[in-house]
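Below you'll find the structure, written out as structure tokens, and then a few comments.
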Amino acid sequence: MCDVVLGAQWGDEGKGKLVDLLCDDIEVCARCAGGNNAGHTIVVGKTKYDFHMLPSGLVNPKCQNILGSGVVVHIPSFFEELENLEKKGLDCRNRLFVSSRAHLVFDFHQRTDKLKEAELSENKKSIGTTGKGIGPTYSTKASRSGIRVHHLVSDDPDAWDEFKTRYYRLVDSRYKRYGEFEYDAEAELERYKKYREVLKPFVVDSVNFMHKAIKDKKRILVEGANALMLDIDFGTYPYVTSSSTGIGGVLTGLGLPPTAIRNVYGVVKAYTTRVGEGPFPTEQLNEVGEKLQDIGAEFGVTTGRKRRCGWLDLVVMKYSTAINGYTSLNITKLDVLDTFKEIKVGVSYTYKGKKLESFPEDLNVLKNVEVDYVTLPGWEQDITGIKKYSDLPENAQKYLKFIEDFLEVPIEWVGTGPARESMLTK
């Protein structure tokens, strides 16, 4: 059976830390969607590991790790991240696999991603993309013109010629769309010719891999990337990523039936952050937001961009919970709220004098809602590293209880500091 870790807000909730904790007791860690546009840091002892595309399960020497067919793979970044982990002492090569059905991200995807963003910026419609080529790759995938891993590593004698044909067809289509932008197609093609043999040992049929693991009753953890509010269907479209980041993406990205899922863990920051553009109802463009940003060290691992900060939004969380069906929650970075005398929580939206019954799909509505807040007392004491739930200050426990009661989902873990060990189990 599979347990799943999913981001419940707009990403950067601290999923990697929970995955790291759970990885101590699992045998397979899988990524189902996204690419190297994700980013999180895991600290083991005094060593810090930055992950973008590769599964966090690599920190566990006994855990196998796989990128599923829903993931899009930029091969140079794949090997760069792998080498960086190996330099820090992780033995990864015999424990890391890539789906033969995963689509490839090329440099021209990244180049056109930035060109597209520049176009949108001129019209003041910027999405705030990471520029990693994720959107253009999913676009070519959806248009059935993309190139998959098996196209690159196939042993068929005509495979390389077919790969080149597919590649030039894609490049030509980008030139037609964006003009003769600066890009060396020949040089990239030569690099991929070398990658053919280097990548081959990592490539597997991911559907067969996952179903064999299930049949063998292995303990499996699926590591979600990004978060529900960035989902292509259910997020704040168009300010979203280009893949299914919710529970649906787990099934389609790994070829799993719903019956394979046992637990769905929603990871929730004790306040709310967002990177890039898009509506953010509880955002605090004031001293509160700056304080959260400063204490929480809210800077993106992948982009280095400052994260926008605001109060916890339980309207977002109610919506996220309904879609993903969390069986329990991990509240992270509770310690960031230690110095607040009062803490606000968004509990409903009002639009033109009427309370909304659900999270609105229309961004023109979302941009103009008034957030209805409940104000709770802070605890104003340092909780860093507390190991027992009962040792938390009374007001901290009340804050967590309020979240549980509102969402009707139990909290199982609470993050009380940045260290790997700073996570208590309720």
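Cβ from N, Cα, C; glycine included.
What you see is a predicted model, and the numbers here were worked out from it, not measured in a lab.
Listed in Swiss-Prot for this protein:
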ACT_SITE  Asp12  active site, proton acceptor
ACT_SITE  His40  active site, proton donor
BINDING   11-17, 39-41, Arg307, 333-335, 415-417  GTP binding site
BINDING   Asp12, Glu13, Gly14, Lys15, Asn37, Ala38, Gly39, His40, Thr130, Arg144, Asn226, Thr241, Arg305  IMP binding site
BINDING   Asp12, Gly39  Mg(2+) binding site
BINDING   Val301, Thr302, Thr303, Gly304, Arg305, Lys306, Arg307  substrate binding site
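Positions of the features from Swiss-Prot, shown on the structure.
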residue: Gly11; record: GTP binding site; contacts (Cβ under 8 Å, 6+ apart): Ala38, Asn226, Ala227, Met229, Leu230, Arg274, Val275
residue: Lys306; record: substrate binding site; contacts (Cβ under 8 Å, 6+ apart): Gln293, Glu298, Phe299, Gly300
residue: Arg307; record: substrate binding site; contacts (Cβ under 8 Å, 6+ apart): Asp12, Thr273, Arg274, Val275, Gln293, Glu298, Phe299, Gly300
residue: Leu334; record: GTP binding site; contacts (Cβ under 8 Å, 6+ apart): Ala270, Ile383, Ala396, Tyr399, Leu400, Val414, Gly415, Thr416
Per DSSP, to which secondary structure element type does Thr41 (GTP binding site) belong, with helix, strand and coil as the options?
strand
Mapped DSSP class for Lys17 (GTP binding site), helix or strand or coil:
helix
Cα proximity to Thr41 (GTP binding site), best match among binding-site residues Thr130, Gly304, Arg305
Gly304
Would you mind reading off the Cα separation of Gly304 (substrate binding site) from Asn37 (IMP binding site), to the nearest angstrom?
12
Looking at the recorded positions Gly39, His40, Thr130, Arg305, which has the shortest Cα distance to Lys17 (GTP binding site)?
His40
Can you give the largest Cα to Cα distance in Å, as a whole number, for the residues Asp12, Glu13, Gly14, Lys15, Asn37, Ala38, Gly39, His40, Thr130, Arg144, Asn226, Thr241, Arg305 that bind IMP in the record?
34
DSSP three-state assignment for Arg305 (IMP binding site)
coil
For Gly14 (GTP binding site), which of these recorded positions sit within 10 Å, Cα to Cα: Asn37, His40, Thr130, Arg305?
His40
